[in-house]
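> Please see the structure below; I have some questions.
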Amino acid sequence: MMARPGSGVMVSVNGLGYPPQNLARVVVWEWLNEHGRWRPYSAAVCHHIENVLKGDARGTVVLGQVDPQLVPYIIDLQSMHQFRQDTGTMRPVQRNFYEPSSAPGKGVVWEWENDNGSWTPYDMEICVTIQNAYEKQHPWLDLTSLGFCYLIDFNSMAQTNRQSQRKRRLRRRMDLAYPLIMGSIPKSQSWPVGASSGQPCSCQQCILVNSTRAASNAILASQRRKVYGGAPGAPAGTGTLTIVRQSNTFAGTSLWSPNSGAGSNNNNIGAGGGGHGKAEQVGATSPGANFPRSPALPALPPAHALTINGQNNLNRPGTQRVSMGTARGAIPPGVPALPVKNLTGSGPVHPALAGMTGILMCAAGLPVCLTRAPKPILHPPPINKSDMKPVPGVNGIRRKTKKKHLRRGKNPEDVVRRYTEKIKVVPDEDCTICMERLVTSSGYEGVLNHKGIKPELVGKLGKCGHMYHLLCLVAMYNNGNKDGSLQCPTCKAIYGEKTGTQPPGKMEYHVIPHCLPGYPESKTIRIVYDIPAGIQTTEHPNPGKKFSARGFPRHCYLPDNEKGRKVLKLLIMAWDRRLIFTIGTSSTTGESDTVVWNEIHHKTEFGSNLTGHGYPDPNYLDNVLTELSAQGVGEDNLKD
């Protein structure tokens, strides 16, 4: 793949691709979609893949560990393919390099608004080009040179289709920067690698990966038999040679060499585009026809029959499509196609097993109908503002938290004395804060000095009755949010009104005229949270340092019924107490100093539950009520 001048794209070398030595480059992993376009994984996923690659260049990457929406997917680094476990679908992946000053190096993402009202990122090459024009302050950008009849207008932030004149909004947002690498990296090995030493792992993940490789071997072996003369004993002159056109991921040679096929001048040669499902038939009247030349393919030993020119055949996108098409075409008329069902996990057979069955059937020449995997429905259909109604029984449609709303700390001694009783007869047990015996002085003696609270004084919390050194409770309070509340470290009982460290932002809520799965009789409450990036204050982990806010505005959904409205009222209360979000380290991306959820789960998937964050989920409302209660926001706080 050659880079366009000034595009910031580096050359992709082989499947994994490696930059020159001592050269810093940004890494972007991409997958090939059904239209032959390379689509980038998110920066968080790319960081995850790179981390696995460092540990084992021939290993397996479980994408669901970093992105819940990618739970069904794994990447096999040896074959450079993404495998969907519930359907058996395999797609090529590649590793591309970009300049550190380009869009992925800065964490810049350009997106266009689709028909569902959600945002779709551009291909990385287009994103880099748009960012370059944006930085040079060009008023517009024509994407014709990249193969798209679109005009980008930076003044109106719109994309116009030159043919239909349809306009779509576009936006530029900041996200996590893609991983940066430097220096020499060991060369990749083509797959399959020689026999491994030791006993194979028997975990489910390794069994699945090994089964995937075995099935892939069967597919390619089946195709190779068809390519080199079909069935054993067939006349050499009647063989059919199939050429799969090289995809732009791999440089140098074609997959099959015309010179390598046994046969005469009457062979039929089919050339199939790497990213397309159909094959073009072209006639060849002599061995010297104008086709891409590559070194003649020698006879390969069985152990290496799948590796050609240092690259495994699975790395060529068209291979599987030609194989499946040939297999179906060989079935006699009248024989019904056998569908592989349960790819969505609805039956007794495990989805991964159903997917693997489909691959093996395909390799055996049996017709297979693989159902298309469902996609998560994150947002409802487009809604006019006039269709958005206030939630019955809930005042207003918006809540804001500003800096002036942040509460100042209260005197620690007063807070501790308010919720404790002094103990005259002290039991001989541990204080679970300082781990010293209650009959001795607090472990904070000499560390904290507070007038009126001696280190040997012991107090009992009023509700739960757990006992601690009073000085230890003061130390615990000083180490918290200092909001006038106490939380028992043993049973988590809350005394007073607990508040959090949520940064300033906005919460909106309204009813939309659509139903959630599992609630056909109810409309839907939509909650929209929006928190901008900012500077951390003294209550945050790193005061004075910037914090990021990824993925905002965030849309969440509740059924518009009695219990759903009760949950909304408590969520509003939790928002006012700054308990919905906090600043910390993201459990999915590993990014620190960013806005994250604060142990109160929300449903962010509107029309499905593929990610686990949607509906139907009959237990969700009860679960979230329990989570709110654990934060001190219970139903007893609601006013009648």
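The backbone N, Cα and C atoms fix where each Cβ goes, glycine too.
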> If you check TrEMBL, which stretch out of 254-286, 584-616 is marked region 'Disordered'?
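Region 'Disordered', as annotated by TrEMBL, spans 254-286.
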> Which residue counts does DSSP give the domain 'WWE' (15-95) for helix, strand and coil?
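Going by DSSP assignments, the domain 'WWE' (15-95) contains 19 helix, 28 strand, 34 coil.
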> Tally the residues of the domain 'WWE' (96-172) by DSSP class, grouping H, G and I as helix, E and B as strand, and everything else as coil.
19 helix, 29 strand, 29 coil
